[in-house]
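S.K.: Here's the feature list from Swiss-Prot:
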- 318, 357, 358, 359, 397, 422: L-phenylalanine binding site (BINDING)
- 399: Mg(2+) binding site (BINDING)
């Protein structure tokens, strides 16, 4: 029977102890415990040893659990805060009212009558209170409550033991010779023939090595970098700017009326302070009120400069595009921006209050709507979406407008962003006379499709296993 040097050494030591742990044997053999487990596994395959794996689960108090162990659970603190009875309104001022009241009632410590909370007696410590002192000794149902309330974390520890078998003892008794083995050969050993006198270590090429997890860029960041590289390769220049913008650039410069619902507090994050209006703001005012020097009639009414001075977290990256165009009104311009934007969205599987958006613009003398479709098809194609089609759309600051759709196997046609040519009301105040092609898309939506996710929140969770297992290459082409 062929044994490696380390298998032989382990087997001889097992004769002395019969049963051992990888940690103990690692000290004797001067090898890491993981290596000893590997040697034991090889002996086990040959019937010379047995490797047992025992998993132990332990509960550890969280920071919140430690605090409640010292100060008492919310229900105990709330119970101790009043005498015989108290109104629900009074108890609601207590910092633990929301959690504590429900648990007091569930444990039978109180009853509720006519809007008052009445104690039913002096309660003994609850099972959860007792379990905080020694979580591991608690019954299974109480452990579940501790975990559900976030008072403990569950940790698994694995312990291995290695035991010599009767076959192992027989082989050791028959005599084992320890011979130094060579696992690698030098060029000199091969050319001189010295390798013939060496004891070469045998390798089983059918065995899979243990996985190695090197550093890896987050899949979402990697896709953002891929988008950036594609646009740079297509000749675009990247724009950068602050997430804090004046309402003028975020709304007014894009010909969004000042009474538009998107500007309300429930849709936009407003910040304290005012922003100065830029040089040339009067032409934007005239455009809103009467259409300025164009054929447009504007929105009518009086444009309020104070509303335009409001400070907001940008709701889109188009605010950077129009600022860049205002500073560079002469063609050609070919630029893009990938950045985070903020909206007051209710959190659900497809909406978050902050997300990444990609914005692109092209301004030149002879560009037209067909050029826009060509740019979009080329970009999505390089992202790996080979089937692209376009549907008419509507967006406030582009005309004509279009919605690109890509075909996803199993989902059908999926809309990915919006595009169009900037309206005259957007470009004229800055002296721009050439067509401006513009498009934008939600980066996270593309990521969900590329990675097969159903919940947007998965992109931002600290799930190391998911990061490890997501393929590095996911179908894009350059």
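Heads up, the Cβ atoms here are built off N, Cα and C, so glycines get one too.
Tell me about the setting of these features in this model.
M.R.: Of all Cβ atoms in the protein chains displayed, 25 besides its own lie within 10 Å of the Cβ of residue 318 (L-phenylalanine binding site). DSSP assigns residue 318 (L-phenylalanine binding site) to a helix in the three-state reduction.
All protein chains included, residue 399 (Mg(2+) binding site) registers 14 other Cβ atoms within 10 Å of its own Cβ.
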S.K.: When the Cα of residue 399 (Mg(2+) binding site) is compared with the Cα of each of the binding-site residues 318, 357, 359, 422, which one is closest?
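M.R.: Answer for the nearest of the binding-site residues: 422.
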S.K.: When DSSP is mapped onto helix/strand/coil, what comes out for residue 397 (L-phenylalanine binding site)?
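M.R.: It is coil.
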S.K.: What three-state class does DSSP give residue 357 (L-phenylalanine binding site)?
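M.R.: Residue 357 (L-phenylalanine binding site) sits in a strand per DSSP.
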S.K.: Just going by other Cβ atoms within 10 Å, which of the binding-site residues 397, 422 has the emptiest spot?
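M.R.: 397, out of the binding-site residues 397, 422, has the fewest neighbouring Cβ atoms within 10 Å.
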S.K.: So the record assigns 318, 357, 358, 359, 397, 422 to L-phenylalanine. If I measure every Cα pair among those residues, what is the longest distance in angstrom, as a whole number?
M.R.: 18
S.K.: Return the count of C-beta atoms lying within 10 angstroms of the C-beta of residue 357 (L-phenylalanine binding site), excluding that atom itself.
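M.R.: For residue 357 (L-phenylalanine binding site), the 10 Å Cβ neighbour count is 21.
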